[in-house]
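TrEMBL has this to say about the protein:
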- 6-27: transmembrane segment (TRANSMEM)
- 79-138: domain 'Potassium channel' (DOMAIN)
- 87-107: transmembrane segment (TRANSMEM)
- 113-135: transmembrane segment (TRANSMEM)
- 166-187: transmembrane segment (TRANSMEM)
- 180-254: domain 'Potassium channel' (DOMAIN)
- 199-217: transmembrane segment (TRANSMEM)
- 229-253: transmembrane segment (TRANSMEM)
- 270-302: region 'Disordered' (REGION)
- 319-379: region 'Disordered' (REGION)
- 335-345: compositional bias 'Basic residues' (COMPBIAS)
- 367-379: compositional bias 'Pro residues' (COMPBIAS)
Amino acid sequence: MRCSTLLAILTVVLLYLVMGALVFRTLEASKERIKYDELLSARTSFLHNHTCVSPDALQELIQHVVSAIDSGVDASSSSNFTSRWDLSSAFFFCGTIITTIGFGNLSPKTEGGQLFCIFYALIGIPMFGILLAGVGDQLGTMLRRAVGKIETLFLRKGVKPTSVRIISAIFSILIGCLIFLGVPTLVFQEVEQWSLLEAGYFVVITLTTVGFGDYVADDRRHGSFMYKPIVWLWIVFGLAYFASILTMIGNWLRVLSKKTRAEVYGGTESPRYGLDTKHSEHVCGLPHPSPEEAEEDTTPHPSLLDFFGENLAYIDESSDTLSDRVKPDSTSPHPPRKPKRRSMRRQLPNRSLLVMKRVYSSELQPPSNPPTPPPQVPS
């Protein structure tokens, strides 16, 4: 990447951060001030109604409560102690470590726990990355088969390959959003007694691995023992879906932007061969199909389209050309000619070729003034 491009992207990111900071400051600062005023009013009212309590004693009690909350204790619970480090919660906490979500509602406070967490994360995060790639591959395979059948139906009806690709991409995104976003939002709304906005907020923040920790599934411990492990499995498949979606969108945008290798060397895409030979006089070795051949059988084979979830986390530059190739039609009167492999050598300008041709031809022509033969000596 060029330095100018990198600086442009960095500038856009910084401007995006500044814009977000201004928006959040405008939306959240006022509520924070309101809550602070309410706290001061409640403290003043408590001291006024309980004159036997001094302000210092109340402040000391508040410090104890804050310290207990920082240690993970539920200050609103009754006198019966209930540990937050039960097996289900500990399993869910380990899952948030290796998935890099890190809600923050539960964290190690001891030195031994923090030291173990460091090594646990260093080993678990790469391990989970391998698992995520495998799950995404299997998930993409299943969805690719379903989308492939739909693409075949559209292709048989004569729909253009680009339109089919757009339809398949939208269909894949809608299916994934319904399975991993819509249904979990309704489930969390019912189980956790959240509003629809809060449930959707939790789902998106979780699957994007942001994980603020202000909303956590089963944080009030009213669910069953298997509730949190099930939530963690949903997180695994949801993360795999998001990774596949990002891969598919990147691959799809490469095709639509037409940034192929042929363009770099002067060609453009063609619905038949993936390359346009409009300027084939500048590219050596490329076939120039006739208009009749260009109109024949422009429908690509479904297996060569950019399906959902293919090659998770790896986008090959050659996928642009592969996505536009077609299956040869054996019934066609003019079978397609296989394009020759284009030379990657730097092409010389036309003027240089002409000069070389003239020089080469001048070297082969006989001289205009042939040498005078030696005189014959009379015998």
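The backbone N, Cα and C atoms fix where each Cβ goes, and this holds for glycine too.
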PLDDT averaged over the residues of the domain 'Potassium channel' (180-254): 83
Cβ contacts under 8 Å made by the transmembrane segment (199-217) with residues that lie 6+ beyond its boundaries: 92, 96, 99-105, 180-181, 184-186, 188-189, 192, 223, 227-228, 231, 235, 238-239, 241-242
For the transmembrane segment (113-135), sequence-distant contacts whose Cβ falls under 8 Å of one of its Cβ atoms, 6 or more beyond its ends: 94, 97-100, 236-237, 239-240, 243, 312-313
